[in-house]
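Undergrad: Have a look at the structure that comes next, please.
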């Protein structure tokens, strides 16, 4: 509608522009035409004056010839032998001579005026020719302008036709727009309703999932309780067979009646339940016999570290910086760990294997198979000869290093597992994945004891303290979260630990008083776990860059150093001992290592070696 109302204005503006252009371009022509008319008038006057002068000259010439003839006659009369004229004739001669002289003067003036008139006429002719030429050029330009004007008029007519079509199309589009707007309003209302319904559905799904998790945790507790009672029953039955104990009057859940007695319905249900639990337990080749379970330590108190051991661990260690072994394999290496025996190094590989390297012999001693996808993290247990692998197929597997076979297959995550660790007594495992959950596993029966849905963000790493009471998790949302290993509750949360960038790893010091975090902001932060996780220092170096989401940094066993690998393949070792001239973390040793990004660094338990791995498919041992 607005386009229709502005159409006359547009035509008026176009007409005014054409008129203004005509006025501006016709001004030079007007002065030229006026000048040409003036010259023509002057030329006519000059021609007329020339004609008058010419006529006057002709009359003078005639008169001059007449007097000249008369003078000749008089002169002939006065010649010798001819009688002299009278006094009248002599006076007449003088008068005629004076007239002749005057006539000659007039003739000379007339000739001079004629010459000037001719020159002026010539100049005027030249000017007329120039003006004619200029007029021709102006005419040609005028014709071009006329043609251009006609073209513009034709274009204008075409544009007016298009404008009319556009205006009609706009009217149609306006109607369609109004219709679409009304439909859009209806859709917005539907979206609001669907959003509200979706919100309710999400709340219901979350609530239902939480109920399922709680139910699963209850089932795991019930299963654990039944298995313990079953073991007690087996133990009592074994003692009963040897005659060392009397079962008379003993009521044990799951006990089997003597063949002579009729089995009660509730006993049948209990036996069926035990059979069902055994089937669940046997899924994924996770069967664990009572004899293998008995091999695990029954009790271990490592929740505290003695002061004497702390003093022994405070021995100053010189940072390793010389490469003593370089092993290149045919696949990418994602993670690395040193065993407690100080000479076995495990690497997590993208070819679905874990390889064990013996630093004493300088060769690979074992290859652990069983994963169906890349292994991202690897970890040795402190006891029990076990190794775990956090895999990209959402499964954490536990290998028995005595026979290189999978002992437990821990299934339950829905996305890649990036972090996993043993408890110090090797009875539990903690896993963290990109499905935003942290799971606590009990290895006696290979079951999940607890699933935490409150970690809020994808998990890049988890680590259990040496005391076994705290679990630290590194997250995608730049947070570090601490959990109680016994109650599974949150202890503390450090938000924006790395200025909004991902936290790629967390590591406890050996005495558990410090926590080291590595982040994508190219910083390593050290926190005091005894003082509300206060930041003790932020370590940096101009050449240190971290771009791998699972890049692992670590403390030295003595706690005086920390190390991490950079994107440039170099290994950076910071000194954490302040001096009188240098602050904590200001001294950094840079060691050349990999050709591409390093993915993990780990310290030998006795501090004599550092092992690192990288995307260049190499394992390096520094000494």
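Backbone N, Cα and C atoms are what each Cβ position is placed from, and that goes for glycine too.
Just so you know, TrEMBL annotations never went through curation; they're auto-generated.
Feature annotation from TrEMBL assigns coiled coil to 29-211. What TrEMBL lists as compositional bias 'Low complexity' is 289-307. As annotated by TrEMBL, domain 'Autophagy-related protein 16' applies to 16-217. Residues or ranges marked as region 'Disordered' in TrEMBL: 285-307. Taken from TrEMBL, the feature repeat 'WD' covers 410-451, 452-493, 496-537, 591-623.
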Undergrad: Which numbers of helix, strand and coil residues does DSSP report for the repeat 'WD' (410-451)?
TA: 0 helix, 24 strand, 18 coil
Undergrad: For the repeat 'WD' (496-537), could you work out the same-chain residues 6 or more beyond its ends whose Cβ comes under 8 Å from its Cβ atoms?
TA: 305, 310, 313, 460-467, 470, 472-476, 478-480, 482, 544-555, 557-559, 562, 564, 574, 576, 583-585
Undergrad: Please spell out the DSSP helix, strand and coil residue counts for the repeat 'WD' (591-623).
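TA: Split into helix, strand and coil, the repeat 'WD' (591-623) gives 0 helix, 17 strand, 16 coil.
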Undergrad: Mean pLDDT for the repeat 'WD' (452-493), as a whole number?
TA: 91
Undergrad: Using DSSP, how many residues of the repeat 'WD' (496-537) fall into helix, strand and coil, respectively?
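TA: In the repeat 'WD' (496-537), the DSSP-based counts are 0 helix, 21 strand, 21 coil.
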Undergrad: Summarise the repeat 'WD' (452-493) by DSSP state, stating how many residues are helix, strand and coil.
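TA: So the counts come to 0 helix, 22 strand, 20 coil.
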